[in-house]
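Here is what Swiss-Prot records for this protein:
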- G8, L9, S10, G11, A12, G13, K14, T15: ATP binding site (BINDING)
- D57, A58, R59, A60: GTP binding site (BINDING)
Amino acid sequence: MRFLVLTGLSGAGKTTARGFLEDLGYFMVDNLPPRLWPPLLQEAAARGLARVGVVVDARALAFFQDLEEVLEALRPTVVYLEARPEVLLRRYNLTRRVHPLGAGNLMREIAEERRALAGLRGRAHLVVDTSELSPRGLKEALARFLGEEGGFLLRLVSFGFKWGPPQEADLVLDVRPLPNPHYDPALRPRTGLDPEVRRYVFSEAAEPYYRALLAVAGLAAEGARAEGRAFYTVAVGCTGGRHRSVAVAERLAEELSGRFAVEVVHRDVEREG
């Protein structure tokens, strides 16, 4: 299991980093007391979670008397984000947020927070100065450090419209215009994973429609990757989610795997009715 502690100065990008880590599959928890980290990791392991992260900010340090002891015992990867004081000041002025230490003098609060977090900074495996970084630049820095340079993932999810489209879908492709194996008694019990079903679905007349779907999915995924996203979900739907959508999702995966890391999920392939 990978265990990561994300910390650093308020306004340096922890919210952006937290979201990106979640996109990479980390289960993230904010300001959990260190004495609860071992039970968290035990529960995560029992549930099959491979990546866990805890966000720590200066407000919580007063309640973290056992932090050093737990860090020494668990030895998590520590990522620390910082920025120059004038940059943090500008960011706070733009967002009109109140500093978490909230004493009323922003520059003094930034200095106090930096002193309070000095111990964690000294333990950091990665220190990122975000003063000149865009959100995308921060994500790229984290991806390089975590070995996720190829971290963009294209998810293809087949489904049946009768069961509703996946809520997480960024793009929905409708493959109901393609030939339907449901009406062939010999093919009806099979799924889109079957070669005979695939041949039926991808008849010569169906090829132009499929090529258009392939182009749309590829362009959408390229755009998402260019924006710095960690993953993009394309849902492929037919009526029941057993034949056409499965066949198309599989073929899309085959043809797009040379451009992206691809994951295929057949949500409704085992459903009847």
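Each Cβ is built from the backbone N, Cα and C atoms, and glycine gets one as well.
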Cβ neighbour count within 10 Å of K14 (ATP binding site): 22
Distance check against K14 (ATP binding site) for the binding-site residues D57, A58, R59, keeping those with Cα within 10 Å: D57
S10 (ATP binding site) as reference: those binding-site residues from D57, A58, A60 with C-alpha within 10 Å of it: D57, A58
Fewest-neighbour residue among binding-site residues, criterion Cβ within 10 Å, set L9, A60: A60
Local backbone state of R59 (GTP binding site), from DSSP in three classes: helix
Sparsest-packed of the listed binding-site residues (A12, A58) - C-beta count within 10 angstroms: A58
Which listed residue (S10, T15) has most other Cβ within 10 Å, given these are binding-site residues: S10
Local Cβ density at R59 (GTP binding site) - other Cβ atoms counted within 10 Å: 14
Distance [Cα-Cα, Å, rounded] between D57 (GTP binding site) and G8 (ATP binding site): 7
Other C-beta atoms that fall within 10 angstroms of the C-beta of G13 (ATP binding site): 26
Densest Cβ neighbourhood among G8, G11 (binding-site residues), 10 Å radius: G8
